[in-house]
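This report concerns only the one structure given below.
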Ligand SMILES: Nc1ncnc2c1ncn2[C@@H]1O[C@H](COP(=O)(O)OP(=O)(O)O)[C@@H](O)[C@H]1O
Ligand SMILES: C=C(OP(=O)(O)O)C(=O)O
Ligand SMILES: [Mn+2]
């Protein structure tokens, strides 16, 4: 087994363990290890299939940032939970003791960030081979030469079997994601959901890059045939991954990017797609990744005999996931980078049936919607609960933003002010009125509208002003059923639509109150009105 110990070993970092250390194993070696250690099984066509147990998604309430001299004045504490240095010290001591009790550990040296001058060197130490495979698949893989002298700037220790102690560590539960920005260490324990690792690296870059004048973004990105980059902001489930994989455009990445003076660059080197009810017809590129070696499938149900996948089975999780290297998508950028954007798309999944499937935004409206970060969930699964649930998550990613939203907002504002960028709001949510009646927007319709927006042809059609939100909505678009362009028309009773629209406007206005003092008059006036 290739297992070259790098020049900067764990001893350099004050970490000592009798465990066998597996350094920078490749995909085949890590899959082999995962199977030998019975961490997962192989699916029919090659993917490694694993279960994460209790945690099948992120534990946002269990994430903490250490509050110290470095972070006191730089972190947006209203949105980030704090941990004291003493609590972190105790946690680190216990993590290091636990490392000492392991027989084997897997270590990967990786980059967060594709643009060389803006990346961060991250070392990830895992107790699970499949977690090591996951993070190696998701982040940017250094070449053999770069690995030799690799000196980590940040270290992540990821121990799913660790149990945090609320009394000793100040945590809320046995689960902990503790981020120490001055010691440059992240400790993840008590959860096996692999997405926690990649989003931790996102948090690091979201903290560091604004100081270098780079805008970090929770978005996907791709490049059109004319070299026109588009970025797609959106909260989880709004369609970043789905819509960015489009055969007619070159994929830069599906989730986390930086916008520097010269480029849009992926923070990652892999994608993390939702697998639940994935359709081969609507998402052929992503579907194909479920049929090859190198993909890691989390909580996807598999027949123990035939090893066939059942992507429709949500018995282990609704949030079933697939991780694969970006080159598994046929038309992916070789360097995970593209030119600065021509189009900014804000994705939302509106469950109220109020927002149109596409709208054109002025720069002020774009700022308003960026700071609002609206999406919605359909009502809960309990019988009788029919009201959709609105979520406002600023910058379309509040859980990942260590700094105040105005920091990210101002970076966006500067970029839009330079000119040459068109902004769009795209609703991938539910049409046709109240939930129960409504249907999710067909992926093909969303793609058709997006492509018309991105290739410029949408600018040639007739627009109307939305009476509530004030943005421009196309009246008809070639190749798209005009009926879906006007949400009010899809409701059985227009007055029901109006009542629901007024309610949603009220939610927007109440949510935006906290930003009023941070924005100028133009952005304030971009607020919706209860017409
Ligand atoms: N019109 C649509 N646009 C995008 N996704 C849709 C649409 N309709 C249904 N979906 C489904 O919604 C989910 C979007 O998730 P995903 O692309 O992973 O979002 P994100 O990457 O923003 O978290 C996928 O499961 C996709 O199949
Ligand atoms: C990985 C995640 O991101 P997204 O759902 O936006 O793809 C997540 O939220 O855990
Ligand atoms: Mn995604």
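Placed from the backbone N, Cα and C atoms, the Cβ positions cover glycine too.
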Candidate sharing the Mn(2+) site with 218, 255 (per TrEMBL), from 199, 342: 199
Residue among the binding-site residues 58, 218 whose Cβ has the most other Cβ atoms within 10 Å: 218
Residue 193 (substrate binding site) versus residue 240 (ATP binding site) - Cα distance in angstrom: 20
Neighbourhood of ligand 2 - binding-site residues from 193, 218, 234, 238, 242, 321 with Cβ under 6 Å: none
Separation of alpha carbons, residue 199 (substrate binding site) and residue 242 (ATP binding site) (Å): 18
Secondary structure of residue 218 (Mn(2+) binding site) (DSSP, helix/strand/coil): strand
In sequence order, those binding-site residues of 193, 199, 218, 236, 240 whose CB lies under 6 Å from ligand 3: 240
